[in-house]
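Asker: Quick one: the structure is below, questions incoming.
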Amino acid sequence: GNHTQPTFILLGITDAPWAQAPLFGLFLLIYVITLVGNIGLMVVVWVTPSLHTPMYFFLTHFSLADACYSTVISPKMLTGLLFGNKTISWAGCVAQFHLFALFATAECHLLAAMAYDRHVAVCHPLSYVTAMSPRACWQLVACSYLVASLSALIYTGCTFRGSFCGPRRVDHFFCDASPVLRLACSDTRGAEAAIFALAAANALGTAAVILLSYGRILRAVLGLRSAPGRARAFRTCASHVVSVSVFYGSLLFMYLQPASWHGSRDKVASVFYTVVSPMLNPFIYGLRNKEVKAALGKSRRRM
């Protein structure tokens, strides 16, 4: 039983006693801002009829995924920093990794759907209403979650299918594939290859859609004669580009490298896409967006 369902110990971000309290305060603040920002953005979109458009429909699901996978990671990390309780059961480790993989993969596909939406809006404005109908939007979101669910099942199966022995100390602040696989007794090369291939298919496939969409957007915008029109088109896409850069930069660094290259730098990259990126997205999409700021102003005046 101990070999198949052990209790793991998450070593956390650092083992320095003097750093536990400052890190707890910092990450608690980030987590609260993440929840308030993402849930607040969803509520503003839901209660404002002028924001009931495809772009904001995708944005609410993106904020939901942000809030969910941040919640999967942060509470356990905060508990370890505050109380020093860094143990996690086998079932808890499986559940944490599975939910993290599901929402992180869903975000990749939602970002691709948002890029496609911007491509249609800029390059094919006359057919935008038909191409991005409510049914089409729901189909894109449903496909994102379906692909993410199937991918998460495969990731989880590859990571936890073997037996675990020896020291059960996971050198990370959450149960991720690479640090967990290092504790396996059996040969993990096949599992690592499968995870790498599927992660590459998800990350590079959605990145290709995003790059292709923005390549066509850039060509269409540069062809506009009106300077205000070009500025408006760039402003429409700027928030999405910033979010994609932060999320994909750390994600690609983390998962598209050979297993032998993984080390302490993984924790830094993981902090960016599990903690920092979900906090920044409401500011990137909300405070830089005139429509959202106008809706917030109206809500504040009504309150």
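Numbers here mean position along the shown chain, with the first residue as 1.
Yeah, the Cβs are placed from backbone N, Cα and C, and that goes for glycine too.
According to TrEMBL, the protein has these features:
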DOMAIN    37-285  domain 'G-protein coupled receptors family 1 profile'
TRANSMEM  23-48  transmembrane segment
TRANSMEM  55-74  transmembrane segment
TRANSMEM  94-116  transmembrane segment
TRANSMEM  136-155  transmembrane segment
TRANSMEM  193-212  transmembrane segment
TRANSMEM  233-256  transmembrane segment
TRANSMEM  268-287  transmembrane segment
Asker: Determine which residues of the chain contact the transmembrane segment (23-48) at the Cβ level, with the cut-off under 8 Å and only residues 6 or more beyond its ends counted.
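Answerer: Beyond its ends, the transmembrane segment (23-48) has Cβ neighbours at 13-14, 56-57, 59-60, 63-64, 66-67, 70-71, 74-75, 77-78, 81-82, 275-276, 278-279, 281-283, 285-286, 292, 295-296, 298-299.
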Asker: Find the member of 55-74, 94-116, 268-287 that has more C-beta pairs under 8 Å to the transmembrane segment (136-155) than any other listed stretch.
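Answerer: Answer is 94-116, with the largest number of Cβ pairs below 8 Å.
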